[in-house]
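These come from Swiss-Prot:
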type: TRANSMEM; residues: 2-24; note: transmembrane segment
type: TOPO_DOM; residues: 25-736; note: topological domain 'Cytoplasmic'
type: DOMAIN; residues: 66-216; note: domain 'Flavodoxin-like'
type: BINDING; residues: 72-77, 123-126, 165-174, 200; note: FMN binding site
type: DOMAIN; residues: 269-546; note: domain 'FAD-binding FR-type'
type: BINDING; residues: 289, 577, 648, 649, 659, 660, 661, 662, 663; note: NADP(+) binding site
type: BINDING; residues: 456, 457, 458, 459, 474, 475, 476, 480, 495, 496, 497, 498, 735; note: FAD binding site
């Protein structure tokens, strides 16, 4: 209906204004009122109901003499923090507050009582960086302008203990724990014992065990406490349940959302069962290794990714290892019994997985029974041995480091295998009730002693620009030989995640494990081989529905990214499966090139910087990954993509007969690389093995840059490399 007169317009306008004033009266008029802020009383602030970020108040309220802060990216540092808390309780009867530093403020760190101690368990992440949850803590300690409650940047007399977690294959080994230690001492804090440093490249566990005994001795003196004041008390109580609704029992689901299949985001607590679109073997027939290319559908999942991100795959433990431990614990007949688990001290030990669940589910899906059996746990389990002989074996392996190394570590023995070994059982036979001695180990000890089964991360080898509804991964299947030990034959050891994926690949092709690459060859007839199989159906058949096989995944974000400007030169070094993210990088550029050519023709790429890929493998006819794809990408990029390959087991070789690797090709192209980096402001990416390849490549880059600057690799070259890292123009995605 049309408005017929100006008076009608005025009346209508006034009506609208009045209605708006009424509807939004609180927002409009409350702005004029002064806001009142409730300030908690000092008594409330000091208690648990006060500031939740006040760790001092929580220590006092809980009568804790120890506070333990952990900087953890993958959960390992947190596990060691909890172990230290448990040992403080069992040795000295001292209660600890285990804290994620991200959840607390540190202005009152100077208020820690004199009879208390602060522990720091700090992992070094990436290129000498603090873990995400420890960034603020490290900044507060290092920033001299940061003031504690005393108005100064000082911590006089603060007692502390520090243990660092790192990997010697990385340049900045344990840098964060060293920096924290340095900063604390500069502020007048007093370290108890030596600074501990664990090396994940060798044995974090052994480094921890060697450090902790001397630390606890120094701790007892500094804190004026005596060992023996604690006691062995369980962390959990396990109860068998017989009347719980079946649909509410966790059978491998990681969260309530996953159990109820509630719609929501998919993350580490709620992985997405991604259907396998395609899966194929990348190595040539006759190879002694497997490499799986797998394509996973993310359509309608809400999952997004970028080139350079990682896909987290949630594996299960192999069937044989689950059965082995069920028999060794005397639980095989009760494997499907529903159990509930409660923590006796939630502040110290949280139940690490959802409950109620079953014995078999815990061993298959929730804890890492496939890991190397730790020396410390063997001492704990000795008293539950079925006979004196088995007890003596475990005590010896626990106390004798050399025996443990020769038998358990060199033999790559899992906990179930060690229990069989100690009891005199045959490790190589399929476990049964008749050939596996049952131990009377309380299940709560298994839960508290074995860490969670973690996802395995793989570089995504596709670009969302070409594959918006699919994630590709390139996974070499881990298989290596153990060393022969007394009563333990040399045998094949299989990686959990990659062999899980290999099983899924064959299931998606309706093949059996018998079609896998042969484990034995005429030259190695004595190696014991039992290729692992997995229950791939998943909880309640969620991962296999008819002919569709699914993989539980989530995406982990990365900063491993191409420069946004295609004019910047790019240098990528990725031998073996290190080439995986670079396939995604090249696809990203191909997608951009297609759009550019569509608008401006091929000349639109004229000012693009070159994309150089240095790739290496054994043989061009055996393990050259995506061999047929690279020439197609090169065509689409009209000369901007250059690929050089080093084949270590076929000619040409060096003049002295030695093998050619990617770093040799980089040195051959020294002039072009120096020009791309120094004049073209190019970006360098390295992906692959951190032990030797990454170090050798960085050393070669130092030589190239040092010579280009008219100096040496050690001075000018190292300075340029450092500058590249600081400016995020040298990025690494490496593993040991």
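Along the chain as shown, the residues are counted starting at 1.
The backbone N, Cα and C atoms fix where each Cβ goes, and this holds for glycine too.
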- Which whole-number value in Å describes the distance between the Cα atoms of residue 735 (FAD binding site) and residue 167 (FMN binding site)? 10
- Query: Sorted by position, what residues of the same chain at least six away from residue 123 (FMN binding site) have a C-beta under 8 A from it?
  - Reply: 71, 72, 73, 74, 76, 77, 131, 134, 164, 165, 166, 176
- Query: Looking only at DSSP and grouping its letters into three states, which state does residue 72 (FMN binding site) belong to?
  - Reply: coil
- Task: Could you check what DSSP calls residue 167 (FMN binding site) once collapsed to helix, strand or coil?
- Result: coil
- Site diameter for NADP(+), Å, by largest Cα distance between 289, 577, 648, 649, 659, 660, 661, 662, 663: 24
- Message: Please identify, among the binding-site residues 456, 474, 476, 497, the one with the smallest Cα-Cα distance to residue 648 (NADP(+) binding site).
- Response: 476
- Of all the binding-site residues given, namely 289, 458, 663, which is spatially nearest to residue 126 (FMN binding site) at the Cα level? 458
- Which binding-site residues sit within 10 Å of residue 476 (FAD binding site) - Cα, from 170, 289, 659: 289
- Task: Find the shortest Cα-Cα separation between residue 497 (FAD binding site) and the binding-site residues 75, 167, 170, 173, 661, and name the residue that gives it.
- Result: 75
- Task: In whole Å, could you give the widest CA to CA gap in the FAD site formed by 456, 457, 458, 459, 474, 475, 476, 480, 495, 496, 497, 498, 735?
- Result: 22
- Task: Would you count the other CB atoms within 10 A of the CB of residue 495 (FAD binding site), including those on all shown protein chains?
- Result: 19
- Task: Give the residue from the binding-site residues 289, 456, 659 that has the most other Cβ atoms within 10 Å of its Cβ, counting over every protein chain displayed.
- Result: 456
- Task: Select the closest residue to residue 495 (FAD binding site) from the following binding-site residues, measuring between CA atoms: 167, 170, 659, 661, 663.
- Result: 167
- Compare the Cα of residue 170 (FMN binding site) against each of the binding-site residues 289, 456, 474, 661, 663 and report the nearest. 663
- Taking Cα atoms as reference points, which of the binding-site residues 474, 659, 661, 663 is nearest to residue 173 (FMN binding site)? 663
